[in-house]
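Peer 1: I have a structure I would like to understand better, so I am pasting it below and will then ask my questions one at a time.
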Amino acid sequence: MTRGISRRQALAAGSALLAAPAIVEKANAQSAFDWKRFRGERIEVTVQLSPRGQLLQRGNQEFEELTGIRCGIEVVPEQQHRQKIIVEYASGRPSFDVAELSLHVNKRQVGKARWNTDIRPLIQDTNLTSPDFDFADFGAGMVQYATQADGRMDSLPAFADYFIIYYNKELFAARNIAVPTTWDEMYEAAKRLADPSRQVYGHVGRGLKNANVVLWSSYLLGTNQRDMIDGNRQLITDTPDAIWAGEMYKKFLRDVSPPGSIGFNWNECQTTFMQGRAAMWVDGIGFAAPLEDRARSRVAGKVGYALVPKGPGANHHCALFGAGYGIPEASRKKGPAWYWLQWALSKQNQLRFLTTGAGVPARSSPFSNEEAIAASTFPREFFQTLSASARIARAGLPEIVPVTQFRDVIGTALTNTISGADVATELRRATAEFRPVLEQSERES
Amino acid sequence: MASDIALSQAAAAETKRRRNYARHYAWFVVPAAVVVIAVIIFPWVFTLYVSAFNWHLGGEREWVGFGNYVKLFTDSRFGWAVARTLFYTGLAVVLPMIFGLAAALAFHRKFPLRGLARTVFILPMMATPVAVALVWTMMFHPQLGVLNWLLSQVGLPPSLWVYSAETVIPTLVLVEVWHWTPLVMLLILGGLASLPTDPYEAAKIDGANAWQAFRHITMPLLAPFVVVALIIRTIDALKAFDTIYVITQGGPGQASETINIFLYLQAFAFYNVGYASAVVVVFFAIIMLLAALLLWTRQRVKAT
């Protein structure tokens with residue numbers, strides 16, 4: 001005999017259901033980390049305009065629901081963002097509680113001025129750090145990249161950006177050309193792949209001053225030298241290896257790149273490659289997402305990914321750039337800000353960045369998530385190139401305070417070589433011009 | 001005698017009344033004075049003060065007195081920036097003035113759909129400079145831009161536009177001309193509308209042809225308006241920054257690096273605020289000098 005549910009039972013079950021969220025929340029608070037500790041507080045976060053920044057902005061509601069902290073998130077274009085945060089830091093009262101830092105540009109400047117708080121004590125504080133955070137999951141290389149010379153880690157490493165080769169598989173197949181493994185092979189391949197009658201060029205790369213230095217440093221990382229300053233922090237940008245890298249830069253940009261490359265930044269290069277007008281492009285791995293976007297790119301599904309070629313020297317590195325998130329020393333909301341960092345750079349978010357092509361996470365665990373990688377829209381070759389690049393990555397810019405001025409001066413010299421100027425003369429002139437700037441900066445450090 | 005005493009008493013009373021008036025109403029000046037001090041005088045004094053330091057944001061401050069000015073006048077990069085600024089300004093003033101004057105004369109005549117044509121002509125002026133710059137940047141792309149496609153349609157060879165050190169400044173001037181010729185046209189059109197008709201009737205009776213009427217009546221009467229347009233255009237061209245920065249960032253190399261771009265780099269890319277402040281002071285002096293010259297010209301035009 002079966003009995004129906006009585007009215008009393010139905011009322012009891014309804015009450016239990018209504019009470020469930022509160023009971024679960026209480027249970028969580030008691031049994032696990034207290035994410036609601038700073039409920040009702042408000043923080044301000046400033047990040048760069050990029051697929052990563054936009055993902056974090058879109059996920060803001062998730063953070064607010066998890067913690068009860070209200071978060072204002074500001075997304076500013078990269079270059080303006082770097083300037084804005086420095087001016088605000090220098091004012092002594094920055095308007096933000098968390099800021100994204102380009103480690104290859106701002107790290108030493110921010111570290112020298114001690115504008116950010118040391119993250120390590122926060123990580124060690126079990127009251128403030130979730131057991132799920134798992135700092136050991138962060139790659140050692142990225143942790144080192146975010147650590148200052150004095151041992152302070154004043155930003156939590158978030159993403160790496162490796163320089164790789166993007167190549168147009170269709171064009172390579174049409175000419176039956178193999179993926180190059182040395183810079184010389186790449187130059188020869190670029191010459192063979194060019195088809196001026198269809199305005200198709202073998203290569204496209206950054207020619208605009210400042211932006212172009214990272215392409216030159218990619219060549220330099222394949223020589224015996226591989227650095228731009230020596231152990232005594234003296235400039236070494238006019239050595240035979242540096243000049244060889246300059247000659248390679250000149251050859252690629254002058255001989256096998258589209259006319260007008262002298263003014264190309266990454267966006268012009270991206271457009272040219274996306275339209276199928278260039279067979280190869282050496283640039284940051286973060287551009288994979290737009291290149292594979294079928295709505296915008298004519299080469300979606302035809303993009304090949306490869307490790308940067310070897311040079312004539314003993315070294316083989318790809319240029320590494322990176323970003324981290326820091327909490328200003330002047331912030332009065334360090335606790336809530338640390339909560340935001342834990343959420344933003346959680347295993348789950350870092351995996352999202354990897355599988356959507358938004359960036360290379362600083363954590364290791366996303367790379368071992370075979371299931372998520374298999375489900376990604378990116379080809380396996382992309383992830384293989386990424387892993388291989390991680391093993392040979394090395395800083396693509398010197399770790400100095402006036403790094404933007406370095407890029408400006410050396411970049412102008414490189415740009416002049418595209419117009420035909422002598423590489424050795426230009427690099428010696430630029431080195432002589434920048435040397436006193438660096439010396440003064442080092443004296444102040 | 002009595003009348004003298006009465007007059008002096010009246011004068012004293014008037015002086016006292018004025019003094020009381022000034023005393024009572026002096027407070028009304030305070031808000032304006034505070035604003036002027038806060039947004040003009042203080043920033044200026046502070047800029048002068050900062051220019052006397054070797055000061056990098058986040059670094060040490062070192063008193064150098066006139067050191068930054070000495071360095072500036074021996075800095076060849078700054079010298080080239082001044083030369084480029086003057087070249088750019090010259091072209092970006094003269095060409096819109098010529099085209100603006102021609103357009104104003106054309107639109108002053110009555111013809112069908114004149115109102116619509118005027119509206120269309122002034123549309124570029126309404127657009128935001130940064131948006132304009134982004135659109136032009138796409139059009140200038142040597143391989144994918146529409147401008148080279150248009151050239152190819154009429155059998156002309158492609159140009160490198162802003163992607164060549166030789167053509168970058170004339171190309172940037174092209175954007176400036178497209179953007180700001182309508183403003184010159186509007187200013188001069190306003191002047192044309194206010195001109196009296198009597199001199200033209202007299203000239204017609206005396207047998208003057210169209211060119212003579214333009215040369216001897218229109219131009220002299222229009223001169224004050226032309227000078228006003230010239231002053232506005234010169235100041236605008238000198239301070240041009242947004243379009244240049246968005247399109248070229250001062251490149252290729254330093255081929256389009258004007259004083260404003262140089263200043264911006266020093267202040268916000270190199271964070272060399274002491275040196276940048278010295279650039280501001282010198283640039284301000286250059287602008288004041290040019291403005292004074294143009295105002296003096298305006299006074300002379302008025303007098304004649």
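Cβ coordinates are placed from backbone N, Cα and C, and glycine is handled just like the others.
I grabbed these lines from TrEMBL:
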DOMAIN    B:82-294  domain 'ABC transmembrane type-1'
TRANSMEM  B:25-46  transmembrane segment
TRANSMEM  B:86-107  transmembrane segment
TRANSMEM  B:119-139  transmembrane segment
TRANSMEM  B:177-196  transmembrane segment
TRANSMEM  B:217-235  transmembrane segment
TRANSMEM  B:273-296  transmembrane segment
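Tell me what's around each of these sites.
Peer 2: Long-range neighbours of the transmembrane segment (B:25-46) within the same chain, counting only residues 6 or more positions beyond its ends whose Cβ lies under 8 Å from a Cβ of the stretch, are absent.
If you look at the transmembrane segment (B:86-107), the same-chain residues 6 or more away from its ends with a CB under 8 A from one of its CBs are 114, 117-118, 121, 169-170, 172-173, 176-177, 180-189, 191-192, 214, 226, 229-230, 233-234, 237-238, 240, 256, 258.
Here the transmembrane segment (B:119-139) has long-range neighbours at 103, 107, 145-147, 162, 175, 178-183, 185-186, 242-243, 246-247, meaning same-chain residues at least 6 beyond its ends whose C-beta is under 8 angstroms from one of its own.
Away from its own ends, the transmembrane segment (B:177-196) comes close to residues 92, 95-97, 99-101, 103-105, 107-108, 118, 121-125, 127, 129, 132, 218, 221-222, 224-226, 228-229, 232-233, 236, 243 of its chain (Cβ-Cβ under 8 Å, at least six residues beyond either end).
Long-range neighbours of the transmembrane segment (B:273-296) within the same chain, counting only residues 6 or more positions beyond its ends whose Cβ lies under 8 Å from a Cβ of the stretch, are 47-48, 50-57, 61, 64, 68-69, 71-72, 78, 82, 227, 230-231, 234-235, 238-239, 259-260, 262-263, 266-267.
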